[in-house]
Amino acid sequence: MNAPIGVIDSGVGGLTVAKEIIKRLPNETIYYIGDTARCPYGPRSRQEVRNFTWQMAKALEKMNIKMLVIACNTATAVALESLQRNMPFPVLGVINAGARAAVKKTKRHEVVVLATEGTIKSGAYEEALLSLNTSTHIIPLACPTFVPLVESGEYKGEFATKLIAEGLKPLKNQQFDTVILGCTHYPILQKQIEAVVGEEVNVLSSAEETAKDAQEMLAYNGTLANANTVPAHKFFATGSVPIFRSIAENWLEQGTLDIRRITLK
């Protein structure tokens, strides 16, 4: 089935998930919406995030997608279940995938969750981690400056390094062996985060596990694209197309992308 896979996020962070889907499923077409005009979602109310997520999902439903991936942890926490109940196609989130990746890797069951305020407040990661291993010690840390840093496109250089180190200061005297990047923007900062927490710590994104989930779901439903299909990805941003283009083309390394402005209602 050669219909596209829909991927949604508050901004450019979901591109980290899209990249893994493209790598794992090279014949699949991605239709991506980044709500860059209203990013970040972390400080917003649950109702606002739910409404915005539904707007993106409905826009992609009209484009006849075969699956939706909510590539945003904050949106997954508040909207996944309602979308799964009401959409005519499978809907995947990123939180369970991130928790699974961490439980597989941690040796000491001491896990840091770096995320937005909204995701931390939701308690969704704690619930997912403890459902997999009740002895997991979880250290949640909201990093509200990280998403605006990535969205600005200025995430390399000395200023970014200082900002990231400052955001991670509360971890200084904590004991942990694994860090979950509980926001899909954060893998773009992964090298800087690894430099702060140390090379002996596992720093994990949910992107790879989410792409694996997508592949398994499509295979189970018999809706994988034909092996000879040439994908035709489309990207939509509610905010600045040039800024989105700069980040997306740099991160995805897919050449010139088809990127358009979209208005959500």
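One-based numbering along the chain as shown.
Backbone N, Cα and C atoms are what each Cβ position is placed from, and that goes for glycine too.
The active site, proton donor/acceptor annotation in Swiss-Prot covers CYS72, CYS183. The annotation substrate binding site is assigned in Swiss-Prot to ASP9, SER10, TYR41, GLY42, ASN73, THR74, THR184, HIS185.
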Inter-residue C-alpha distance, GLY42 (substrate binding site) and CYS72 (active site, proton donor/acceptor) (nearest angstrom): 10
Chain-internal residues, separated by at least six, CB under 8 A from CYS183 (active site, proton donor/acceptor): GLY13, GLY42, CYS72, ASN73, THR74, LEU114, ALA115, THR116, THR119, CYS143, PHE146, VAL147
List of residues, in chain order, with Cβ under 8 A from that of TYR41 (substrate binding site) and at least 6 apart: SER10, ASP35, GLU48, VAL49, PHE52, CYS72, THR74, ALA75, THR116, GLY118
Maximum Cα-Cα separation in Å among residues ASP9, SER10, TYR41, GLY42, ASN73, THR74, THR184, HIS185, which the record lists as binding substrate: 12
Cβ neighbour count within 10 Å of CYS72 (active site, proton donor/acceptor): 36
Protein Cβ atoms within 10 Å of THR184 (substrate binding site), excluding its own: 33
ASN73 (substrate binding site) CB neighbourhood, other CB atoms within 10 A: 33
For GLY42 (substrate binding site), the three-state class that DSSP assigns: coil
Neighbouring C-beta atoms (10 Å sphere around the C-beta of SER10 (substrate binding site)): 32
Where THR74 (substrate binding site) falls in three-state DSSP terms: helix
Which of ASP9, GLY42, THR74, HIS185, all binding-site residues, has a Cβ with the fewest other Cβ atoms inside 10 Å: GLY42
Env. residues of substrate site, Cβ within 8 Å of mean position of ASP9, SER10, TYR41, GLY42, ASN73, THR74, THR184, HIS185 Cβ: GLY11, GLY13, GLY14, CYS39, PRO40, CYS72, ALA75, THR116, GLY118, THR119, VAL147, CYS183
